[in-house]
Amino acid sequence: MGDFWFEGSEPFATFPILGAIGNVLSAPYVCSSALFSGNGSGGRYISNGKLLSRRPRGIDSKKRLWTNVLLALNVLAYVAQVASQGKLLLWGAKINSLIDRGQFWRLATSSLLHADLTHLAFNCFSLNSIGPMVEMLTGPRRFLAVYFSSALAGSLMSYRCSASPAVGASGAIFGLVGAHAVYMWRHRRFFGNSRESLEHIGRVVVLNMGMGLLSRGIDNWGHLGGLLGGVAMAWFLGPAWQYQYVAKDGRAVFKDRAPVLRLIKG
């Protein structure tokens, strides 16, 4: 990937920017899980102000550090579930009656727990597919903020609208998909296939939500809450790159105009 010069709150620095979302596939899964796959689509990316015809084969491990940490956290939580013989699951699941009694931690811990090994595998696969892309495009701090706020938003929506117990990271994953959609929409002028990517994301979300309506055991309210939470946080936190000028070395200069930065600066 080529580099752009970006101007932010700190001195100039170069950041790689991926030009298109990879293919996102969907499949139904019972137990509050959604499947997102990041298989290659032949998308294009930007270098020195031009869209190129090829895309990188992979993402540097340094640019997906926190995705790996989240994957490990989910796996370790499941190991702890097994070791505790289900006691951790009972302690941390979203159970409305217990939340009503003041056990508010369940709104956060439920997103780290999973119903069984298949549930964990599907959500880890989805996180591994969409996570590195969002982490690279938004940066680690924004990525983590979107992930955890989406998880909490999904739990809150499920608590308000669904009486059934729930666990799983799918709300957070839906939030990452929403954040990716916001990024593509905001920077659609820079990408040759942004409309196709946004339409594809829309089809994936609609298909997953539709399968949730037709299948028992899927917490669609949690998915919807996570998606809306991810969209809201991504819009507020950014990035929202705006073109400034072309530097002497021919590189385009952009500045981050995210609402949170404008709010901080007054």
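Each position is counted from 1, following the chain as shown.
Glycine residues also receive a Cβ, built from the backbone N, Cα and C atoms like all the rest.
In TrEMBL this protein carries:
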type: DOMAIN; residues: 101-238; note: domain 'Peptidase S54 rhomboid'
type: TRANSMEM; residues: 12-36; note: transmembrane segment
type: TRANSMEM; residues: 65-84; note: transmembrane segment
type: TRANSMEM; residues: 166-185; note: transmembrane segment
type: TRANSMEM; residues: 221-241; note: transmembrane segment
Legend entry - Secondary structure composition of the domain 'Peptidase S54 rhomboid' (101-238) [DSSP: H/G/I, E/B, coil]: 110 helix, 1 strand, 27 coil
Legend entry - Chain residues outside the transmembrane segment (65-84) and at least six past its termini with a C-beta under 8 angstroms from it: 112-114, 117, 120, 123-124, 127-128, 131-132, 135, 140, 143-144, 147, 169
Legend entry - pLDDT averaged over every residue in the domain 'Peptidase S54 rhomboid' (101-238): 91
